[in-house]
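Participant: Dropping the structure in here first, questions after.
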């Protein structure tokens, strides 16, 4: 029953937020925040008191804490949700940044507050569902349900209100990209289910059953490629990145926190959970191509980020660059790099979200996202420059932060398998220092281009920034706390993915 609360609470919180707006416009945000808090307490309850570590590898039953209810029995579809250490970590990230996103929007949303928080809660519910669904139809359901509320967030609460038509066009682009991703995934899931039916005469979407059924080599590569394309479009990886920068440029900052912090991380989760485990042979054959795409994203994202004049687009392209490293970790590394990937997902999500939050404060102060209009702000703005410098340095992997630990483990794990790949990846990481420090120099140093009054960081954003700083330092100094949670899951995923047939 506890597991079902992970999706029930956000859903009901969104519904209550929507209807409560009719009574008092401040009620929806309190309901949304309470819903996130209760969901987080539920995850903590599962983490402390339930046994999700037990693995029975001999029978391939790797999940001990799960809920299975009949749903569409005639097609073998169940409401099957479960957690392991990997899921627990991703749930903590989603809920932590979900609370941050709600707090960031606290006084920023001036219209349709009830509908806004409904969409935020549906995005978070869908993201949570992706991390706990172990029926492939249910996984697809949650994967797709995120699309609709994200469409409304960009089209109705865009950052630049004067250009409504362009925002709708950008929302349409996002819709098309993600819809293509969903259709490819659905076709691949159906082929996988058909393969199981041909061999066992049973229709099922159960992940555990599909996991132990070898896929015919004649179609394994095709199905794997379908899953891969669906995930890298959402990640996104070059050349399927066209929607991300436009989306972030026009999205509300709380929406950017959601999508960068949690939503994009559903893709590397899916690659590890599904591609690596369901299609070991095809994944092994495809690894060189995936690594090449990772390199392409790393270097392209870094170079384009360096040339950006819009602060939100710069941060978006930096995210693409980091996603390239994550893809290389998945396809070119080992168990060590997988553990590094977990830390990198957490740290990159936090540092990038923090940069978005601070850029929102700069926009509130200057009414522009154009870096060329900035300069010399260090003496005009209190706290923001120092915080921005910390998060920029964290993003490029300064020691003492979680980003450093994640990158170190990833590169160390890759080096054991492919030394040359690790060396090239290191060069790619160096480029992140160029665009990060260039951004800081252009915004906060040099001569001021305008006569700006003194500006103080909002007290709410100040404490949010402090919390995010402590989170990154915690991951940098005590990463073992997280690695212990995810170890059993990652160990199982790595060993199971090595069963080359």
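Glycine residues also receive a Cβ, built from the backbone N, Cα and C atoms like all the rest.
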Participant: For the transmembrane segment entry in Swiss-Prot, name the matching range from 139-156, 481-498.
Facilitator: 139-156
Participant: Tell me which range among 374-394, 395-415 Swiss-Prot lists as transmembrane segment.
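Facilitator: Transmembrane segment, as annotated by Swiss-Prot, spans 374-394.
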Participant: Look up transmembrane segment in Swiss-Prot and report which of 60-80, 459-479 it refers to.
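Facilitator: That would be 459-479, per the transmembrane segment entry in Swiss-Prot.
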Participant: Using a cut-off of under 8 Å between C-beta atoms, tell me which stretch among 1-21, 222-242, 341-363, 374-394, 420-440 contacts the transmembrane segment (115-134) the most.
Facilitator: 1-21
Participant: Would you mind listing the long-range same-chain contacts of the transmembrane segment (420-440), meaning Cβ under 8 Å and 6+ residues beyond its ends?
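Facilitator: Result: 291, 295, 298-299, 302-303, 305-306, 311, 314, 318, 321-322, 324-325, 328, 332, 371, 385, 388-389, 392-393, 395-397, 407, 410-412, 414.
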Participant: Cβ under 8 Å to the transmembrane segment (222-242), counting only same-chain residues 6 or more beyond its ends: which ones?
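Facilitator: For the transmembrane segment (222-242), the list is 173, 177-178, 180-182, 184-185, 187-188, 191-192, 195, 215, 263-264, 266-268, 270-271, 274-275, 278-279, 282-283, 286, 290, 293-294, 296-297, 300-301, 320, 323-324, 326-327.
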Participant: Thinking of Cβ pairs under 8 Å, which stretch from 1-21, 174-194, 341-363, 374-394, 459-479 has the most of them with the transmembrane segment (139-156)?
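Facilitator: The stretch I would name here is 174-194.
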Participant: Going along the chain, which residues at least six beyond the ends of the transmembrane segment (174-194) come within the CB cut-off of under 8 Å?
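Facilitator: Beyond its ends, the transmembrane segment (174-194) has Cβ neighbours at 76, 136-137, 140, 143-144, 147, 150-151, 154, 203-205, 210, 215, 219, 222-224, 226-227, 229-231, 233-234, 236, 240, 242-243, 247, 278.
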